[in-house]
Amino acid sequence: MADMEEVVVEANCRPEETRATHAFRSSSPHYAQVIPITTSPPPTREEDGADWGCGELNPQDAWLPITESRNGNTISATFHLISSGIGIQALLLPLAFATLGWAWGIICLSLAFTWQLYTTWLLVHLHESESGIRYSRYLHLAVTAFGLKLGKLLTIFPVMYQSGGTCVQLIIIGGGIMELFFKNVCDVKSLTGTECFLVFMCMAIVVAQFPNLNSIAWVSFIGAITAVGYCTLIWALSIGKGRPSDISYNPPEMDSNMDTFGGIMNSIGIIFIAFRGHNVMLEIQGTLPSSSKHPSHKQMWRGVTISYALIAMCLLPLATAEFWAYGNKIPYSYGKILSSVSKFHGHKTSTFVLGLICIIVVINCLSTFQIYSMVVFDNLEFKYTSRKSKPCARWLRMVFRFLFGGVAFFAAVALPFLPSLAPLIGGMTLPLAYAYPCFMWIAIKKPQPRSGKWCINMGLGCLGLVLSVVLVVAAIWNLTDKGLNANFFKP
């Protein structure tokens with residue numbers, strides 16, 4: 001991951017020519033660094049507005065996977081948003097309800113959803129400026145708002161973790177579910193977890209050979225269908241099987257007040273990190289065409305509205321139905337959650353149903369992998385095109401993607417406990433979704449100090465930073481108390 005971070009730093013500090021001059025220079029008198037920005041020259045006449053979008057790509061942007069194609073539409077954006085926005089970590093939402101209870105669980109879930117929907121609105125409307133600049137990468141927007149040094153300092157780690165790190169987690173999760181499927185559905189005991197990781201990674205890299213983000217819209221369509229499918233199937237089965245008689249909704253007893261505090265904050269963290277995708281929001285919008293008369297934020301916001309309505313229809317029933325069915329006996333394990341219907345009802349669920357859920361989850365992980373890995377591929381190709389001043393050959397693209405697959409695989413094998421670090425690293429990257437967009441809005445739009453917009457964004461931004469610090473402290477306490485756990489997929 002250190003090599004990836006170096007790529008990002010170099011990629012976003014290399015001079016690049018654009019159709020208009022927009023550079024952010026270091027305060028150091030000894031050197032200057034330029035951040036590349038995709039620009040669109042403003043039309044000189046109103047009738048030229050329809051052609052504005054035709055000249056918005058600088059030559060290097062036309063070579064990179066994120067901005068190579070801008071022929072997307074509301075439907076493709078919706079598929080990308082759903083596939084990247086729903087993850088298997090949503091299965092742990094009932095666990096948060098078991099600690100918080102009905103009232104506080106629903107309040108926190110509603111607050112997190114509303115908050116991140118608002119910051120999504122901010123990012124969508126910050127994507128393009130009145131001068132025609134389009135910020136198709138989160139880091140570019142952060143540097144514009146905070147300056148070169150602070151922008152990189154604040155955003156490089158969370159962006160890299162939520163792209164490359166998420167791919168590693170998807171290998172661990174997808175491979176773990178495959179192992180669960182082979183051992184409990186197919187009764188194949190010989191496959192090891194490492195072999196399942198390798199099988200999953202090979203399938204993911206084969207699918208990853210599509211050239212750009214817009215070209216994988218159909219993959220995201222499959223990811224969106226499977227995400228909605230397994231969420232709906234799990235909560236529907238929980239309700240359909242009925243509720244066991246010995247279920248309790250009382251919070252679990254803790255040995256000390258600090259344990260109680262750590263459990264509550266860990267549950268809040270589970271809820272807040274269940275919503276994801278802000279680090280690829282600008283990239284998805286970058287696949288849409290834009291003109292002065294038809295800016296991309298109109299299509300993007302329609303896609304956000306549709307996708308987030310579906311996300312809410314998946315996550316809220318999943319959290320409430322699972323908690324209603326299993327109470328505080330909900331297990332802290334993805335594998336046990338998938339097989340919990342049979343455990344708590346005293347008889348085996350149909351092997352076909354359990355196998356179907358596992359297959360759907362694996363397909364969803366493969367689809368989601370493509371969106372987050374595209375950010376890494378974009379950075380790798382940017383480094384090459386900056387040095388060679390020419391696009392990557394097809395064979396070189398394949399080399400980059402197989403290379404990344406190998407690095408991600410070895411990281412997954414070396415760090416099988418990475419999902420157990422999700423509350424810690426999720427707390428560290430939480431400002432990316434809940435705080436930074438508010439501060440970026442203030443820095444770029446410059447609302448009147450102490451006005452309504454200024455107070456709302458400043459308040460939410462500061463609250464997001466405080467929440468991040470508290471969640472990190474609670475996660476460290478829980479890890480110290482309970483230690484790491486790699487058995488997330490054991491039935």
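The backbone N, Cα and C atoms fix where each Cβ goes, and this holds for glycine too.
These come from TrEMBL:
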DOMAIN    71-478  domain 'Amino acid transporter transmembrane'
TRANSMEM  77-97  transmembrane segment
TRANSMEM  103-126  transmembrane segment
TRANSMEM  138-157  transmembrane segment
TRANSMEM  194-210  transmembrane segment
TRANSMEM  216-237  transmembrane segment
TRANSMEM  306-326  transmembrane segment
TRANSMEM  352-377  transmembrane segment
TRANSMEM  398-418  transmembrane segment
TRANSMEM  424-444  transmembrane segment
TRANSMEM  456-477  transmembrane segment
Per the Cβ filter (under 8 Å) with a sequence gap of at least 6 from its ends, the transmembrane segment (306-326) is approached by 74, 77-78, 81-82, 85-86, 90-91, 93-94, 96-98, 102, 105-106, 109, 113, 117, 120, 224, 227-228, 231-232, 234-236, 238-239, 241-244, 247, 249, 274-275, 337, 340, 344
Outside the transmembrane segment (216-237), at least 6 residues beyond either end, the same-chain residues with a Cβ under 8 Å of its Cβ set are 72, 75-76, 78-80, 82-84, 86, 90-91, 207, 210, 307, 310, 314-315, 317-318, 321-322, 337-338, 341, 349, 353, 356-357, 360-361, 363-364, 366-368, 370-371, 374
Listed stretches 103-126, 194-210, 352-377, 398-418, 424-444 vs the transmembrane segment (77-97), most Cβ pairs under 8 Å: range 352-377
Per the Cβ under 8 Å criterion, with at least 6 residues separating them from its ends, the transmembrane segment (424-444) contacts 115-116, 119-120, 122-123, 126, 129, 138, 141-142, 144-146, 154-155, 157-159, 161-162, 165, 269, 272-273, 275-276, 278-279, 453-454, 456-458, 460-465, 467-472, 474-476, 479
Beyond a gap of at least 6 residues from its ends, the CB atoms lying under 8 Å from the transmembrane segment (103-126) belong to 93, 96-97, 135, 141, 267-268, 271-272, 274-275, 278, 281-282, 285, 297, 300-301, 304, 308, 312, 315-316, 319-320, 323, 433-434, 437-438, 440-441, 444-445, 457, 460
Residues outside the transmembrane segment (194-210) whose C-beta sits under 8 Å from one of its C-beta atoms, at least 6 past its ends, are 167, 170-172, 174-176, 178-179, 182, 216, 219, 362, 365-366, 369-370, 373, 377, 397-398, 401-402, 404-405, 408-409, 412-413
